[in-house]
Structure formats: structure tokens, C-alpha cells
Amino acid sequence: MIPEFLLASCTLATLCHSAPFSLQPEEQKVLVVSFDGFRWDYLYKVPTPHFHYIMKNGVHVNQVTNVFITKTYPNHYTLVTGLFAENHGIVANDMFDPILNKSFSLEHMDIYDSKFWEEATPIWITNQRAGHASGAAMWPGADVKIHDSFPTYYLPYNESVSFEDRVAKIIEWFTAKDPINLGFLYWEEPDDTGHDVGPDSPLMGSVISDVDHKLGYLIKMLKRAKLWNNVNLIVTSDHGMTQCSKQRVIELDRYLDKEHYTLIDHSPVAAILPKEGKFDEVYDALAGAHPNLTVYKKEEIPERWHYKHNDRVQPIVAVADEGWYILQNKSDDFLLGNHGYDNALAEMHPIFLAHGPAFRKNFTKEAMNSTDLYSLLCHLLNLTALPHNGSFWNVQDLLSSATPKPIPYTQSTTLLLGSDKPGEDEQEESYPYYIGVSLGSIIAMVFFVVLIKHLIRSQVHTLQYRQVEVAQPLLQA
């Protein structure tokens, strides 16, 4: 009797467990979106209903400390490796490696030498090594062959490709026959305009509104593809932006002989490579030359920047105060908005918002580090993290206390495109969910009745058997 009882119990337990959850996807899905140069307080400069919709229905971090230097390529590589710039090797947008005797330049799009990228392993490679698929639409570095690998799907960088076309590719990859579980999407604004006009310009308002409109378009497309409630959407950036002016310019030619050094990287962190035998002369001429310029020998760079332990960091690094601009002379290009300054400055900090089945709702956290995103992604995707500088414990409170699981999609009547009122709170479950739970409950009840009948019959049979045992000795007497 015991084996039959156990079999029935196991069958009941299996059905009770599986029925309500049979509609759930097998794994978490994550989409990371970066709006380049989106400073943390842009959310409040003009109405941003779609950003606030995510904040209301997901999580928001007020202050994200990114890595020094606060530029595009170092910080985008930090987001996907969890490493400081000195550890992942992309120390600037423009670099010189004395070991390789090669240069790296974002300005000239000379960025495709794999050796510059292979001091670290981006998470899309780890994800693919675990048997999953990844996709990247214009994410910086994703079109570079790193450790003999590209993302499963990727778009070669082309600034002319529209945001809508990039979104279409992301949706296609998430809904393919062999879908991705990890996607990356990059957009150049508001960084481009921020450089041109400066973050304090009234012209920035329309650009921020347009980025919000594009986020609304992404939300609409995710809902249309029935992905909104099943994909964990993370919206972030690489850095902020500060206002500059031509009245705050530091000209290196006023202090240095240009024949004595090579300027590897420019404002606001000048990476200076002195010519052979000219180190002391260059350093002495520049140190103390301007009250708004701090000059470091490489070994004297502050530890808090985690920046000096890499061959690509030049022997002399000159850092301008916030809002000050470094030029060789006034004939060089000047930008009204700039970034790259000390990562402790609030104006250098980017945004961080997230929505999805793994995240809490209407929750705001005060602070995190950009290095923490990598460990969060590894946790969501159940990947073994490689060594990194972030901390999962620093961001675990962003997650729902319940075991993260995607929920079935339900169409909202509000598409969140161009609306100032993004609509009502999201539904937590849909009709398919309730149908699944109901079917599971009915099946459980049926098997419970069958089990009770089985137990009753077993008891009757046992009583009859015992009666025969009791009567048997009397017959023998």
C-alpha cells in the first residue's frame, strides 16, 4: 500500500506544483538600454512621463557613481564587465598602449583592435558560453571581436540607424525561434546635443523630451510583442554632463613646448606622454601652472579613482576642475558641454531605472555604483560572475522579495507614447495566469478526491484482512 500511496502523493504534488506555473518562461530575460550622457537630474528638467512611469512601476536609483574617467567607452565597458577602467583596460576614449605600440581613438573610430578589449570579458560572452544567446544594437564595443567572439546577434555601429530600427532588431531577437535572453540597446542622445549646446541650455529640454518619447516607443513595442511583463528592462547611461564656457579654458601652449610631449587624450583629463628625457621639464612646467588644473604623476593619481594601475594611463595626467576646458590652444575645437571629470561630482552621474518581474515596484534607492550592474545581471541570468569590482549586495534590495519570475503579458489601453499621464498601475496578472491557476486548482481537487477514495478502499481492505486473521485460530481449535 505504501508505494501506491507515495505514487499518488508524488503525482499530486507534481501537478499542484506545475499547473499554476506552466505558463511561465523558463529563464529571466534582460534588456539594458543606455541613453548616452543622460544626467541623473534630466528626469526633472522637463516632463518625462515615460521615465516616471518606469519609476512608479519599477525601481529608481538617485545617484549612480560611475567610473573615472567619466567618458563613454570606459563606462560602457564597466557596465558589461563590472570592472574599473584600470582593470578592464579601456581607460579613455583615446589611448596609447606602449606595450602594443598602438593607438585607440574614438574620434577616428580606430577602436577595433581586439587586444585593447581583451583585458576583460563582457557579459554577453559569459552568457553565450553558458549556452544562451545575446544581442546588441550599437552598444559600444559590441561590434568588436573579443576573445574570438561577437554577440550572437549585433548591429555594426552606424550612427545613422534610427532608434526605431534599433528597437525593431531587439524585438526581433527576443522573439526569434532561438531567442536571446540578454539584449543591449544604445542611443547617442542626449549626449550629442549636450556637447553642442551645454546641459544648461534651454535647447536641451526638447532633446530630453524626445528621449522620453523614444523610451515610450520602446515600451509600446515591448508591449505589442508581449514582452513587457516578461523582460527585465534596465535604463541607464554612462555619464552626465557639465556646462563649459570659453571664459574657462586652460591652454597648454601657454605652459608647455608642444615639441616636448604628445597629447594622447584631451579635455577635461589630459593624458600627456612626454618625449624621451622631457618628463621632468613637462611636469614641472605644468604643475601649479593654473589654479583650476591638478597635475599628477601616474603613480600619484588618487587611489579612489582606481585609475593608475594600467599601462595605457600616461605618465602625466592633468585634470581640470568641473566646468573648465583643456585645449592645446584656442584654435582647437571647443564644446559647450563636457564630461570626463571627477566621478565624485554629481553632474557626472547618470540615471538608473528598472522594470520587470524581478524588480520591486515604486521603490527608490539612494545610491549604487555602475560596477554593481554586472553582478546584478549575472544574478538575474543565473551566470557565474567573473572577478569584478562591483557588489551584488549593494543592489539586491532592488529585487522583489519573491522569487523572480516573468508574468504573462496583458495589453494596456495606454501605449505610453507622447502622453503626459502614463496610465493606471500595471496589472499584476492576466487572464492566462488565472486560467492556469484555476486549472491547477481543479486538477489538484480531482486528485485529492481520488486519493481520499484510494485511502478509504485501502482501509476497508485492511480491516477485512485483519478480521480473517482474528477468525483463523478459532477454526483451528
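Glycine is treated like the rest: Cβ placed from N, Cα and C.
From a predicted model like this one, the values you see are computed outputs, not experimental measurements.
Among the features that Swiss-Prot reports, signal peptide is placed at 1-24. The Zn(2+) 1 binding site annotation in Swiss-Prot covers ASP36, THR72, ASP238, HIS239. If you look up Swiss-Prot, you'll see THR72 marked as active site, nucleophile, on the strength of experimental evidence. Look at Swiss-Prot and you will find ASN101, ASN158, ASN292, ASN329, ASN362, ASN369, ASN382, ASN389 tagged as N-linked glycosylation site. Taken from Swiss-Prot, the feature Zn(2+) 2 binding site covers ASP191, HIS195, HIS339. The feature transmembrane segment is assigned by Swiss-Prot to 432-452.
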Sorted by sequence, non-ASP36, THR72, ASP238, HIS239 residues with Cβ within 8 Å of centre, Zn(2+) 1: SER34, GLY37, THR70, LYS71, ASN75, HIS76, ASP191, SER237, HIS339, PRO350
Alpha-carbon spacing, ASN101 (N-linked glycosylation site) to HIS339 (Zn(2+) 2 binding site), which is rounded to whole Å: 27
Cβ packing number for HIS239 (Zn(2+) 1 binding site), 10 Å threshold: 30
Candidate nearest ASP191 (Zn(2+) 2 binding site) in space, where candidates are the recorded positions THR72, ASN292, ASN382, ASN389 and distance is Cα-Cα: THR72
Cβ-based neighbourhood (8 Å from the centroid) of the Zn(2+) 2 site, residues ASP191, HIS195, HIS339 excluded: ASP36, GLY37, THR72, ASP192, GLY194, HIS239, MET241, LEU335, GLY337, ASN338
Distance, HIS239 (Zn(2+) 1 binding site) to HIS339 (Zn(2+) 2 binding site) (CA atoms, angstrom): 7
Shortest C-alpha distance to ASN382 (N-linked glycosylation site) - which of the binding-site residues ASP36, THR72, HIS195, ASP238, HIS239: ASP238
Greatest C-beta neighbour count within 10 angstroms, which of the binding-site residues ASP191, ASP238: ASP238
ASN292 (N-linked glycosylation site) and ASP238 (Zn(2+) 1 binding site), Cα-Cα, nearest whole angstrom: 25
Per DSSP, three-state class assigned to ASN369 (N-linked glycosylation site): strand
ASN329 (N-linked glycosylation site) versus ASP36 (Zn(2+) 1 binding site) - Cα distance in angstrom: 28
